[in-house]
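Marked as active site by TrEMBL: Asp108. TrEMBL lists Glu177 with the feature active site, proton acceptor. Per TrEMBL, the feature Zn(2+) 1 binding site maps to His106, Asp143, Glu205. According to TrEMBL, the feature Zn(2+) 2 binding site maps to Asp143, Glu178, His400. The signal peptide annotation in TrEMBL covers 1-20.
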Amino acid sequence: MKNLPYFIYLLSLGALNAQSNPNSDLVNANKNITESVLVQKLQEYVRIKTVHPTPDYEGSTKFLVNYSKELELPSKVIECVKGKPFVIMTWEGKDPKLPSIFLNSHSDVVPVTLSSWKWDPFSGEINKDEEGRPIIVGRGTQDVKGVGVCYLEAIRALKKSNFVPNRTIHAVFSPEEEMGGTDGMKCFVESQEFKNLNVGFSLDEGIVNPLDHYKVYYGERVGWPINVTATGNSGHGSNFIKNLAFEKFDKFYHRLEKFKKSEEKKLDEGRVDNIGEVSSINLTFLKVGEAVNTVPGTVNGYFDIRVSPKTNQNQLKSNLIKWANETNVSFFYPRGTPTHAITDYKNSIWWKAFTDSAKVQNVTLSPEIYVGGSDSKYLREKKIPALGVNPFKNHPKFAHDNNEYIRIDTLVEGYEFYKVLIPKLANAI
């Protein structure tokens, strides 16, 4: 189903409703037009293949700049790293001297395995879920092109209602978040262009929730990946070789597994509220052996370690060194050991904006530590308050998964939430 048939379908629903209630025809028509534009914009955005390893940033930039013109918002394109653009749309507030609101979403998406998808992941086509409800399919519908479009359509509606924010609002579309943000937000927050935005608060992404509440993230686990190498004797596969590299690596691996199991047990036994409050370790890369008849003298592996703010970082560092010494392996941190940056949200004007919005929309908020990583960490490191939320609830999670989609009714619900939240953030005092 393409845009035009869907638009006609919505108008037909409005016409039927108007026949049963003549006074509602204008309201229904406006709702249907809004929903149609929301759907159309997300379809267009999804069709732009901003997928790694070669994201079409040229295509997304053109789309977003044209979008800003449509909304009558001035825009800037800033490249902190050449070929990796930020698109920033600005809605000037009544008092531009006040610290601004930074609405962040990333334009890049993760790769797809085409053979595992039921649909073309870059079609943005309208289909139906298992219960027959309309959905938009495609990579980025959940993570996070749907969020970016909801920001902009909420702004469109607010401008149409003649609302003018007290604080300036910047809608920011950032590159390279899915690659860790090194060539994106990490670089950008060090620039004069960022300082000129005078950011007072950042709203960022979260995770779709299958349950009936919004998870709001005030911090996140930090990544401490380690590159581990074990060396030993090599020789022909027919011999008994002593001082094996793999035995050393295996002993180190089991020490990490023991720690991992202890963290997992806390979660399984309900001693913590969510996975963000424990640390995780997984072996994600292993290189060993060159020939089937030769015992390898070197084993190299990569462990993805996500450290919770609830974990004693100094103790974990000491343990890793101790375990390496005990098993005769060496390791290093290819990305360093970043510390946690947490937003102290309690009793803040920003949290009040969230709770007031939740009351209006009759939704429940659950403050949590983000299990993954987001651009917010770079703003928090600059002492800028940042909260992440995904306004899509009662919906299955498909971010980074095959057959990603968003139900249209859920997309509209997210738009409605932002339509309430954004003005409350912009007028927070």
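From the backbone N, Cα and C atoms, a Cβ is placed for every residue, glycine too.
Cβ-based crowding with a 10 Å cutoff singles out Asp143 as the top-ranked of the recorded positions Asp108, Asp143.
Other than the site residues His106, Asp143, Glu205, same-chain residues with C-beta atoms no more than 8 angstroms from the centre of those residues' C-beta atoms, the Zn(2+) 1 site, are Ser105, Val144, Val147, Glu177, Glu178, Ser374, Ala399. The Cβ neighbour count for Glu178 (Zn(2+) 2 binding site), using a 10 Å radius over every protein chain in view, is 21. The Zn(2+) 2 site, placed at the center of the C-beta atoms of Asp143, Glu178, His400, has further neighbours from the same chain whose C-beta lies within 8 angstroms: Val109, Val110, Gly140, Val144, Ala399. The distance from the Cα of Asp108 (active site) to the Cα of Glu178 (Zn(2+) 2 binding site) comes to 7 Å. Glu178 (Zn(2+) 2 binding site) falls within a helical segment according to DSSP. Only Glu177, Glu178, from the recorded positions Glu177, Glu178, His400, place their Cα within 10 Å of the Cα belonging to His106 (Zn(2+) 1 binding site). Across the structure, His400 (Zn(2+) 2 binding site) and Glu205 (Zn(2+) 1 binding site) are spaced 14 Å apart at their Cα atoms. In this structure the C-alpha atoms belonging to the residue listed as 'active site, proton acceptor' and Asp143 (Zn(2+) 1 binding site) are separated by 11 Å.
His106 (Zn(2+) 1 binding site) falls within a strand segment according to DSSP.
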